[in-house]
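Asks: My questions will all concern the structure given below.
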């Protein structure tokens, strides 16, 4: 009877896993949209398009109603300000979910070596990998509770621990965890003991995490230098545009105010382009992904618009 119940349980687990593989995309989307967009940040741009609809409605209302404050009408009539605002609204969901995903990946990679070390100790004391996982699925390990139980269920269905850990790395999009899975697989194929293979993976993963932190610390310094240089250049550009505008408007009869204004607007637009690409480069430098640089692009573009609107009035 017990064998029959175990067989039925394994069949049920396999069916759930097969269902998950076939319909996992739609199950995640409707069951937990926040988690879905966190794992699939590229789809979150659809939320940005939805947010643009009320924004466009508000801008249209500002243009149509004459009693609106002049400052709002000037902002709504500025191509540069509207383009920057649309960029921030469109990509804000992606920026939010990308940042949240990055923080979770960093947290998981930092905690995973300790979990593997605990697992290695339990296996060394005579437990199987599956029994050790069950003993670790206690409240103190609540963050990994769901993943530990999922790995345990997969192992009951006959899936190797290496494959389960690799799938875990894929879900969190962590190359370091997937590398730890490959270390365990290589050790098991060579005939090594499970405790040693898991312990070796824990040590290797810890070294990789430490190297990643050291690299990010150095890259953060480069990023700060980039931002400081940009803001110094932005401040100088605003001062020069303001000085030249005042100079030509009062002292030159041959240069029209329109040509000076066009030159100032051109400089402002070039700075917006520079801010966009500098932000992408800073994100690539810091995290290795261009998508995370959208946050810095948006902040730098907003800084350009605010600086020129307040310091020169050319975007009004």
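Note: Cβ is positioned from N, Cα and C throughout, glycine not excepted.
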Asks: If you check TrEMBL, which stretch out of 199-221, 222-244 is marked transmembrane segment?
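Replies: Feature transmembrane segment in TrEMBL: residues 222-244.
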Asks: Using a Cβ cut-off of under 8 Å, list the residues of the same chain at least 6 residues beyond the transmembrane segment (264-282) that approach it.
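Replies: 80, 83-84, 223, 226-227, 230, 234, 237, 241, 244-245, 290, 293-301, 303-305, 308, 312, 314-315.
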Asks: Where else in the chain does the transmembrane segment (77-97) make close Cβ contacts, counting only residues six or more beyond its ends and a cut-off under 8 Å?
Replies: 37-38, 41-42, 44-45, 47-49, 51-52, 55, 59, 63, 265, 268-269, 272, 291, 294-295, 297-298, 301-302, 304-305, 308-309, 315-316
Asks: Please spell out the DSSP helix, strand and coil residue counts for the domain 'Type II secretion system protein GspF' (116-240).
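Replies: Going through the domain 'Type II secretion system protein GspF' (116-240) residue by residue, I get 108 helix, 0 strand, 17 coil.
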